[in-house]
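Quick notes on the structure that follows.
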Ligand SMILES: Nc1ncnc2c1ncn2[C@@H]1O[C@H](COP(=O)(O)OP(=O)(O)O)[C@@H](O)[C@H]1O
Ligand SMILES: O=P(O)(O)OC[C@H](O)CO
């Protein structure tokens, strides 16, 4: 009898596999770091072969850690870094170019062209998104225009496009299934979130043949079966969702108005807005959260490009810490930043500013500034960016957010979580299982395969671990917010073509 569900969580910095039992406990976990390639300033790539190999190897490792085989898996769910774009040859299965990662800025000028043509409103109306290099459509177009022979092959129907979920399903099913789910499709700038299909006008606008596109399915159904990867066990692949939407599901934000914030490489705050797409007045994104049993749920999203990655930069760029976990202790050596503000616009600014040309800035440096002040300002920068998003989310929806559920790697920092509660003035709630992304994917797959009867069976598995309550002087917080807003303004439109 199958006792477990496997979640494959393919993130920006690592591939992870987690195995859940029927009570929602994590029984096994394996993780492998993913190499980042920066071929030019502003470009970020991953090797699709490494993504696939690492994802299979962690799945096998997670099974062997608890001595089970694929035959004991009731199903597998996939969740992934979104927008990251792979184009491969349908016949050989070989990618024609590296995966272009969501953070990659090479298509910024093209996205400006779209804006200058007055197309922002059309794009926003159909897709819920901004004209920004973040999304997949412009990345596909770049590959077709720059890889020798790619456009011709695409026009002959020989190429396939996929976000990382599609790429993994294609590989898992031995090239039999070319599919994505609605949540991933809604991040491409090519998907009509009202009609829930690829938009012909947008495909034409970006010169992308429709034959490249995967079939769009719901987030919880059996898409196909694993062929060889798990020792011949034909495990059903039964759940797919983009990592941020999966985290919203895993945090059990199932009711309209519930909000979660995931602190990974970037930071992504999502609010469940129910069965209708909610269009923001403040440049938040409208996105499909998930679709199951014929019902579509939408979300409002604030995407922040640099969060935990700021701490990695303290480690790799500045060398002032050995690991991200050390940022906490270093920052605690001082009681405040000594007037230092750090805007981590390394790859531009996402919501709600959407400035592709903003760049990182530290302001307020003085002779007394130490690495401890910088570490504290770095942690504060993550919390300030979250504050900017939460404020406009409340404004947009006219809803008061009463608590923030948090997860992701950097939510492990107690100092960051306390700073966050102090700045927002609301409780920050960290659950027992902060692997919400994987939990969400497992739930979607477990529901599709009947491993769990219904959502009520799993909703009770979510539990609080720690609540961070606001304790700062609100007056102080108000002054700091004004200084932060000033610093953000100064970082804007810095980079030139
Ligand atoms: N103990 C910690 N304290 C603060 N930040 C951490 C800690 N552990 C990991 N991080 C940060 O979390 C991020 C990775 O989180 P993760 O959820 O795995 O992200 P992703 O899915 O984007 O790969 C890294 O950017 C890292 O800096
Ligand atoms: O891999 P993560 O957790 O940084 O998430 C990346 C997002 O999906 C990008 O939109």
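The backbone N, Cα and C atoms fix where each Cβ goes, and this holds for glycine too.
According to TrEMBL, the protein carries these features:
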| type | residues | note |
| --- | --- | --- |
| DOMAIN | 4-250 | domain 'Carbohydrate kinase FGGY N-terminal' |
| BINDING | 12, 13, 14, 265, 308, 312, 409 | ATP binding site |
| BINDING | 12, 82, 83, 134, 243 | sn-glycerol 3-phosphate binding site |
| BINDING | 12, 16, 265, 308, 409 | ADP binding site |
| BINDING | 82, 83, 134, 243, 244 | glycerol binding site |
| DOMAIN | 260-448 | domain 'Carbohydrate kinase FGGY C-terminal' |
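The binding-site residues examined here are 244, 265; by Cβ neighbour count within 10 Å, the least packed of them is 265. Taking a Cβ distance under 6 Å to any atom of ligand 1 as the criterion, the binding-site residues 16, 82, 83, 134, 244 reduce to none. Take the mean position of the Cβ atoms of 12, 82, 83, 134, 243, the recorded sn-glycerol 3-phosphate site; other residues of that chain with a Cβ within 8 Å of it are 80, 81, 84, 101, 102, 187, 242, 244, 266. Taking a Cβ cut-off of under 6 Å from any atom of ligand 2, none of the binding-site residues 13, 134, 308, 312, 409 qualifies.
When secondary structure is read from DSSP and collapsed to three states, residue 13 (ATP binding site) falls in the coil class. Summarising the environment of residue 12 (ATP binding site), the number of other Cβ atoms within 10 Å of its Cβ, over all protein chains shown, is 22.
As a whole-number mean, the pLDDT of the domain 'Carbohydrate kinase FGGY N-terminal' (4-250) in this prediction is 96. Other Cβ atoms within 10 Å of the Cβ of residue 16 (ADP binding site), summed over all protein chains shown, number 23. Closest to residue 82 (sn-glycerol 3-phosphate binding site) in space, going by CA atoms and restricting to the binding-site residues 12, 13, 16, 265, 312, is 12.
When the binding-site residues 308, 409 are compared by the number of other CB atoms within 10 angstroms of each CB, 409 has the fewest. Other than the site residues 82, 83, 134, 243, 244, same-chain residues with C-beta atoms no more than 8 angstroms from the centre of those residues' C-beta atoms, the glycerol site, are 81, 84, 102, 187, 242, 268, 303.
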